[in-house]
Structure formats: structure tokens, C-alpha cells
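Trainee: The following feature annotations were taken from TrEMBL:
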ACT_SITE  Cys85  active site, proton donor
ACT_SITE  Cys216  active site, proton acceptor
BINDING   Asn11, Asn76, Gly86, Asn87, Asn157, Asn189, Glu207, Arg208, Gly217, Thr218  substrate binding site
Amino acid sequence: MRFAKGHGTENDFVILPDPDGELDLDAATVAALCDRRAGIGGDGVLRVVRTKVLGEPLEGEAASALRCEWFMDYRNADGSVAEMCGNGVRVFTRYLREAGLVGDTVFEVGTRAGARRVTVEEDGDVTVDMGPVRVLGSGSAELADGTVRGVRISVGNPHLACRVARPVAEVDLGRAPVLRDEEFPEGANVEVFREVAPGVLEMRVYERGAAETRSCGTGIVAAAAAATPGGGDAEWTVRVPGGVCAVALEGGSARLRGPAVIVAEGDVRLPLVR
Ligand SMILES: N[C@@H](CCC[C@H](N)C(=O)O)C(=O)O
């Protein structure tokens, strides 16, 4: 089957065009595709499917996605389903444009967190209206080198954003953070961040359903919100191992701007043999 490969600040994805919803994408296939030795390799899969043939109920917050022609069916590298991916939606936008599936520069993409408005900028960046950023209270995680405390935040998907005093490069993200079930019944993405200059954060992330990744768009928004005194409006530049994104927080919602590129296209043989 056809595939493309793309990344946004080196958060990389296998893109599967499935406009008519014919692909039965199980967790094992996703994990095999994302395997960096036996598969194509990626932090997740973006299935490109028309919303009307998605074949799963879109209710509550997800219901606004019903008005979008295209739906980003996001799967983590371990095969689990996620509500939203901030880097993924930019790459998804770039793919729709390059594949000739969308001609507009401003449109909406459906996600399990609802419709997300995207804008293709003249310099090639993509800006995403990320929707509401909800601060849910405090939380903590056990990392390999100790406990971190932070803020539980929903950007459609769950995050624990933790301010640290040392350079983020020194934090050990070598194994999965241990979370408290009562704080994160669905698991969470864990960010560590530090303010390195006024309006500038450095951040690393351990993603739910993947591992440490080079970037996480929803995590960048969560870190920006956690770094903002009083939860007000603010603009942040966020440096991650894979690049730089800009976040604007306004009226309880966020905009995320950053690069998105397609690097390859080809055919993949399914089922993959490991
Ligand atoms: N990398 C993404 C987030 C992908 C989903 C996440 N791992 C989850 O399970 O919530 C981003 O750029 O936001």
C-alpha cells in the first residue's frame, strides 16, 4: 500500500492515505510500521481518511470533527489511539496539500479532540488553532532519576508539564514515567521544561504510547501553559531536541506554529514480517 513519511520538528510519522476508509488498521500493524528496524519507523501513524467513512462515533468534544472533510486518525507507535497530535496535524495538513486533496490554505482537520483550524503560512510553516487548554491541577511522576511535580493539562490529550530547575538535557527520560492512576486514568505525556530566557522555554517529552520523542506539539502547548503565570495570555518560543515552535496562548486557547515536511513516499508491503 502507498505511504508517505513526514515530520514536524523531528516528531516523525508514517502517513497512510485511506480516503475511502478501506484499511483495517490494527495495533500490531501500526507497531510494525513504526518499528525503526523492521518497519518504516515513526513516532506514530497518521491515517488520512474522509470523516464520513471513519467508522467510529464522534461524540462530545469530537463531534465538531463531523463538519471536516478530512480526519486525522492518529495512532501512537505502540498501536494505541490518541485524541490529538499537534505536530501530526501540521504534517497531515502538509500531506493534504501536497497530495492535491485540499487546495485552500486555511481549512479544518477533524481529530478525536474535535475540528482543528489550520493555516498554511507563506514561509511553509503551519499554524494550528489547538483549541482549549485546560489546566486540571497538580500532578507528579516518577522518572528514572527522581520525582517531578507539575501541572496536569489537557490539550485534547493528557499531559503532565513539569518545570525543572536544571537543564532539561540532564533529566533522565530513559524509561517510562510512572504516573498515579487517580491523576491520569488514561495515562499521559510527560514534559520537563525550563525557562532559558524571557519568553523562551526548552522542553523534552516522554510520550504516552511511544517513548522519548524529539518533539510533541500538544506537549509544547502544555509546557507553555504551565510556564505562564496565572494562566493568562502569553507568547512563547519553545525549543525541543528536534527544532523550535511558537505558541500563542489567548483566552484559554492556543495557537501552535511550526514546520511540517514530507520526506518520502513509497509502497509498503503489508503484512510486515518482523
Ligand atoms: N506527538 C504528538 C502527540 C501524540 C499523541 C500522544 N503520544 C498521546 O498519546 O496523547 C504531538 O505532537 O502532539
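A Cβ is built for glycine as well, from the same backbone N, Cα and C atoms used for every other residue.
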Trainee: Near Gly86 (substrate binding site), how many other Cβ atoms are within 10 Å of its Cβ?
Mentor: 29
Trainee: Considering each pair of residues in Asn11, Asn76, Gly86, Asn87, Asn157, Asn189, Glu207, Arg208, Gly217, Thr218, all listed as binding substrate, report the largest CA to CA distance in Å, no decimals.
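Mentor: Value for the max Cα separation, rounded to a whole number: 16 Å.
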Trainee: Taking the Cα atoms as reference points, how far is Asn11 (substrate binding site) from Cys85 (active site, proton donor) in Å?
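Mentor: That comes out at 10 Å between the alpha carbons.
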Trainee: Given the recorded substrate site (Asn11, Asn76, Gly86, Asn87, Asn157, Asn189, Glu207, Arg208, Gly217, Thr218), which additional residues of the same chain have their Cβ within 8 Å of the Cβ centre, ordered by sequence?
Mentor: Gly44, Ala82, Met84, Cys85, Gly88, Val205, Thr213, Cys216, Gly219
Trainee: Select one residue from Cys85, Cys216: among these active-site residues, choose the one with the most other Cβ atoms within 10 Å of its Cβ.
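Mentor: Per the Cβ count within 10 Å, the most buried is Cys216.
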Trainee: Check the binding-site residues Asn11, Asn157 for other C-beta atoms within 10 angstroms of each C-beta and report the one with the most.
Mentor: Asn11
